[in-house]
Amino acid sequence: MAAEIQPKPLTRKPILLQRVEGSQEVVNMAVIVPKEEGVISVSEDRTVRVWLKRDSGQYWPSIYQVMPSPCSCMSFNPETRRLSIGLDNGTISEFILSEDYNKMTPVKNYQAHQSRVTMILFVLELEWVLSTGQDKQFAWHCSESGQRLGGYRTSAVASGLQFDVETRHVFIGDQSGQVTILKLEQDSCTLVTTFRGHTGGVTALCWDPVQRVLFSGSSDHSVIMWDIGGRKGTAIELQGHNDKVQALSYVQHTRQLISCGGDGGIVVWNMDVERQETPEWLDSDSCQKCDQPFFWNFKQMWDSKKIGLRQHHCRKCGKAVCGKCSSKRSSIPLMGFEFEVRVCDSCHEAITDEERAPTATFHDSKHNIVHVHFDATRGWLLTSGTDKVIKLWDMTPVVS
């Protein structure tokens, strides 16, 4: 049974600045326009909209462009004002936005995929457009010529894409739960490694190039922090959602991770603490505390004339224990368990009040979040939900 999240009452919480409404279908992606009071959004209703704040205080579209197919994803580069839009038909369409954000000029189309484009990244330094699609293909194109440079077939449909400019490593998370790392050259790629830690599909990836840490969110409700740069194989689990994690954003200057999910939760994790890996669950035929046999251990049940018990695991030490020896519950924030989980009696006694101090804060967005974008300069967070609404939040009370 899933553990219940019990958020602690908070005085500091995100401030809702604005609701942006008007889309006929789900807004799949949106970004805050830097240095402007504006938002760029792409929607399942086939529209690309640039919303600018008017004197009335409301956001109204200065650009309303209807595309030939539903808009599945986007990538916006503020320096060049280049907007790359992924479509349901597999095409990537590129535009340049005017300085006043009142006009978008078509640049080129890439026939990138055979079906829906799932993720796009525009890499200005290399003039590359990276993309994944429902055709299980990762591809990269030259943004100047439009030429396809290379591709790689993924094990399942990809739903997370990140890139490290310095090393030219690309990270691809897919619906099988696997993360693939490729090394890209100008027109070829090499498989570096694959790793798996989630029991559900990967739904979001976030890369911190400074600490060299990759965060992955999943439909199994968890986030995993992978220490790529440390070369020790450390993987830290973060449990803070009651539904699938849909989006991640890392705030570099405060070392905080923002995770958002289908439960409407906005969770702000303090990553500037020494976190611990969750232990491997140990196998045993009997309770490793009282030696009572588990229900499949017929020999010991017969020899001891005892009824077999159900097996559980202590989340702190990983030992296989019976229900009687693990009757207590505790939060273990440094292991990523911000809500109470099963621990054995001896571990429960050993956990101090200081160790139970929360390392994350929980907030309710009041909509099922599908995408987020964080503007670090202003401390604003954009969330778009299945309710077709975009919300702008002032996160400075909690991201500091």
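Even glycines carry a Cβ here, placed using N, Cα and C.
Averaged over the repeat 'WD' (20-51), the predicted model reaches a pLDDT of 94. Residues annotated as repeat 'WD' in TrEMBL: 20-51 (among others).
Tertiary neighbourhood of the repeat 'WD' (195-228): same-chain residues 2, 156, 159-166, 171, 173-179, 234-250, 252, 255, 257, 259, 261, 269, 271, 275, 336, selected by CB-CB distance under 8 Å and a gap of 6+ residues from either end. Per TrEMBL, the feature repeat 'WD' maps to 195-228 (among others).
Below 8 angstroms of C-beta separation, residues 2-3, 5, 14, 200, 203-208, 210-211, 213, 215-225, 315-318, 334-339, 341, 359-374, 376, 381, 383, 385, 393, 395, 398-400 of the same chain, each at least six residues beyond the ends of the repeat 'WD' (238-279), sit close to that stretch. Look at TrEMBL and you will find 238-279 (among others) tagged as repeat 'WD'.
According to TrEMBL, the feature domain 'FYVE-type' maps to 281-352.
Residues annotated as repeat 'WD' in TrEMBL: 362-395 (among others).
Long-range contacts of the repeat 'WD' (362-395) within the same chain: residues 5, 7-8, 10, 13-21, 23-32, 34-35, 39, 41, 43, 51, 240, 243, 246-249, 251-253, 258, 260-268, 338, each at least 6 residues beyond the stretch ends and with a Cβ under 8 Å from a Cβ of the stretch.
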